[in-house]
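Participant: According to Swiss-Prot, the signal peptide annotation covers 1-26. Residues annotated as O-linked glycosylation site in Swiss-Prot, with experimental evidence given as evidence: Ser41, Thr62, Ser63, Ser70, Thr74, Ser79, Thr84, Thr97. Annotation source Swiss-Prot lists disulfide bond at Cys112-Cys128.
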Amino acid sequence: MDPQTAPSRALLLLLFLHLAFLGGRSHPLGSPGSASDLETSGLQEQRNHLQGKLSELQVEQTSLEPLQESPRPTGVWKSREVATEGIRGHRKMVLYTLRAPRSPKMVQGSGCFGRKMDRISSSSGLGCKVLRRH
């Protein structure tokens, strides 16, 4: 044995024997039986708690079901649908008018497809067929 590696090998051997004596566990107080008992008892408590909550929710749901099944007049639903359609149509028109100035429009008959703003605030039509008088 090399004198430099002998202490490290001895330390590893002692550590191995210590862990082998404990059954591979790092803590001497823990045992396989007690750890599994604690885990199963904790899981069992959680399971019982969740089952209790589930049964409470089911009781609440069954008590609320008769209230939800009450028939409503179809006229009320139709008037609501018409009102929402009117609101949606109005909203579409507002959005269309708001977006309209942003999009370039073609001027009919002139062939224009947009406008150009110069740095000095003068504007000109792009692609416009304009007859100029001399």
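Our numbering is plain: 1 for the first residue shown, then up by one each step along the chain.
Glycine is no exception: its Cβ is also placed from the backbone N, Cα and C atoms.
Are these features on the surface or tucked inside, and what are their neighbours?
Facilitator: In this view, Ser41 (O-linked glycosylation site) is surrounded by 10 other Cβ atoms within 10 Å of its Cβ, with every protein chain counted.
Thr62 (O-linked glycosylation site) falls within a helix when secondary structure is assigned with DSSP.
Cβ neighbours within 10 Å of Ser63 (O-linked glycosylation site), excluding its own Cβ and spanning all shown chains: 9.
Neighbours of Thr97 (O-linked glycosylation site), defined as other CB atoms within 10 A of its CB across all chains, total 9. Under the DSSP three-state reduction, Thr97 (O-linked glycosylation site) is assigned to helix.
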Participant: Between Ser63 (O-linked glycosylation site) and Ser41 (O-linked glycosylation site), what C-alpha distance do you get in Å?
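Facilitator: Here the two Cα atoms are 33 Å apart.
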Participant: Rounded to an integer, what is the Cα-Cα distance in Å between Thr97 (O-linked glycosylation site) and Thr62 (O-linked glycosylation site)?
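Facilitator: Roughly 50 Å, rounded to the nearest whole number.
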